[in-house]
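Enquirer: Below you will find the structure I want to go over with you.
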Amino acid sequence: SATHVAVPVSSPRAMAALHHLVLPHRLLSGHGPPPVLRFSRRPRPLLHLLPCAAAAATRASAAATAVTAPSDAALQDFRRWLSSQGAETGSVAPAVVPEGLGLVAARDLPRGEVVAEVPKKLWLDADAVAASDLGRVCGSGGDLRPWVSVSLLILREAARGGDSLWAPYLAILPRQTDSTIFWSEEELLEIQGTQLLSTTMGVKEYVQSEFDNVEAEIINANKDLFPGTITFDDFLWAFGVLRSRVFPELRGDKLALIPFADLINHNGDITSKESCWEIKGKGFLGRDTVFSLRTPTEVKSGEQIYVQYDLDKSNAELALDYGFTEANSSRDSYTLTLEISESDPFYEDKLDIAELNGMGETAYFDVVLGESLPPQMITYLRLLCLGGTDAFLLEALFRNKVWEHLELPVSRDNEESICQVIQNACKSALAAYHTTIEEDEELLEREDLQSRQQIAIEVRVGEKKVLEQINDIFKEREQELDDLEYYQERRLKDLGFIGDNGDIIFWES
């Protein structure tokens, strides 16, 4: 027979007596360098991976916009051009709308009705580049990214003026949108401290690098094709045209700008992810390729046809790509960038564990306002902060199980380190903004805001709210550290040394 003596789990004597039963020999003092944590936007695909459909307009609301609407004569020329080139657009017409340009129903339209078919000969894509006089310098070698080639085609055709096949279309394109890539230095100060600012500058640096290459190798080397001066601003404009107007699946080698169809505007009330377009064959044996556009919802005569650009984009992404934001908390997000430091003494072990579980040296977590933390974020943070007496979990014998252990609290020190690192990072990020949430909310109540001012305020107030949410989550978690169950306690329960009430059990004969 046997009896047992219960000792509180916090007893130093008890823990010392059982320490060797649950911890292997690899014990280290200290926790090494703090994890690398950057609050930066995750790297995003550029023009070779364009995300979604785009509009000629720059705002989804009726607020003031930087777009100058084309003249009635230019719109009439555009309509005649579409008809003469075989485009079928009888159910809808391009028109000036609050957003700039849009597509307006000429009659009542049911959901799913085909309202436009644009033949492939009007698309600006890689095939159009190859068929043009640019083909000999950038069409066959494959060295240029598709968006670069198509951007050069846009600039080349714009320089040809009335001699270009696309002259009526190019004439209605805006010279700027409210996308942050077109903002002045003074306007960019309004998004000081935001992730949007760093992303915008990164995109412009990328476009500048590509321009430097093509300016030297193609533009200056082929003055017969580019007799005039092509500046970086021209190249950035072509980039912006593509970034804001290309439909979702038309990316990479399939990159294509579809005149007329690209005038369709965004409406946040449309929540369906169902595609409203397709590429199909038409004519004899379906040999003629057309872009077919359908209505995603019922539309009354005289009303504008809208689509949903992308339900998953944040306000910062909408501002960067299109130049508008939505008053929708699900669009407010912040990206936490976590990285395993190369100076970490357990760098190789941690990297191996991360890769075994589908992650890497760097991980990006998008935190959305009002939603839970992303899955695996806490787990990855525990891995980054793992050290000291917890480092035994990095041993090879735990390799297949360590991620499962990290999904639950490891130790008080580890959990406390996570909370402090995140809170310090949040406070640092919030200090970089030049306004408070309260000040921004007061500004949003003004009726004289310009469109770019409103975009800036909505983006920065959204980011700050998410940062405060993250900070509050980890502040509350830090206050609950004493109530959490850690690895040692779980392990002792498995071994039968702790009862259900948390007392350590010593068995005696």
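Cβ from N, Cα, C; glycine included.
Annotations for this protein, taken from TrEMBL, read as follows:
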| type | residues | note |
| --- | --- | --- |
| DOMAIN | 85-310 | domain 'SET' |
| BINDING | Glu99, Gly100, Leu101, Arg245, Asn265, His266 | S-adenosyl-L-methionine binding site |
| BINDING | Arg245, Asp262, Trp277, Tyr309, Tyr322 | substrate binding site |
Enquirer: Can you tell me how many other Cβ atoms are located within 10 Å of the Cβ belonging to Leu101 (S-adenosyl-L-methionine binding site)?
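Expert: Total other Cβ atoms inside 10 Å, all chains included: 24.
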Enquirer: Counting other Cβ atoms within 10 Å of each Cβ, which of the binding-site residues Trp277, Tyr322 scores lowest?
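Expert: So among Trp277, Tyr322, the binding-site residues given, the one with the fewest Cβ atoms within 10 Å is Trp277.
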Enquirer: How big is the Cα-to-Cα gap, in Å, between Asn265 (S-adenosyl-L-methionine binding site) and Trp277 (substrate binding site)?
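Expert: Computed Cα spacing between Asn265 (S-adenosyl-L-methionine binding site) and Trp277 (substrate binding site) is 14 Å.
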Enquirer: Let's check the environment of Asp262 (substrate binding site): how many other CB atoms sit within 10 Å of its CB?
Expert: 26
Enquirer: Just to verify a number: CA distance, Tyr322 (substrate binding site) to Arg245 (S-adenosyl-L-methionine binding site), in angstrom, no decimals.
Expert: 8
Enquirer: What whole-number distance in angstrom separates the two most remote CA atoms of the S-adenosyl-L-methionine-binding residues Glu99, Gly100, Leu101, Arg245, Asn265, His266?
Expert: 14
Enquirer: For the substrate binding residues given in the record (Arg245, Asp262, Trp277, Tyr309, Tyr322), what is the largest pairwise C-alpha separation in angstrom?
Expert: 20
Enquirer: Quick one: of Glu99, Gly100, Arg245, which binding-site residues lie within 10 angstroms of Asp262 (substrate binding site), measuring between C-alpha atoms? Sequence order, please.
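Expert: Cα within 10 Å of Asp262 (substrate binding site): Arg245.
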Enquirer: Taking only the Cα atoms, work out how far His266 (S-adenosyl-L-methionine binding site) lies from Trp277 (substrate binding site), in Å, as a whole number.
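Expert: Given the Cα positions, His266 (S-adenosyl-L-methionine binding site) is 15 Å from Trp277 (substrate binding site).
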Enquirer: Where Trp277 (substrate binding site) and Arg245 (S-adenosyl-L-methionine binding site) are concerned, what is their Cα separation in Å, rounded?
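Expert: Per the Cα atoms, Trp277 (substrate binding site) and Arg245 (S-adenosyl-L-methionine binding site) stand 14 Å apart.
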Enquirer: Measuring Cα to Cα, tell me the gap between Tyr309 (substrate binding site) and Leu101 (S-adenosyl-L-methionine binding site) in whole angstrom.
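Expert: With distance taken Cα to Cα, Leu101 (S-adenosyl-L-methionine binding site) is 16 Å from Tyr309 (substrate binding site).
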Enquirer: Counting across all protein chains present, how many other Cβ atoms fall within 10 Å of the Cβ of Gly100 (S-adenosyl-L-methionine binding site)?
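Expert: Within a 10 Å radius of the Cβ of Gly100 (S-adenosyl-L-methionine binding site) lie 24 other Cβ atoms.
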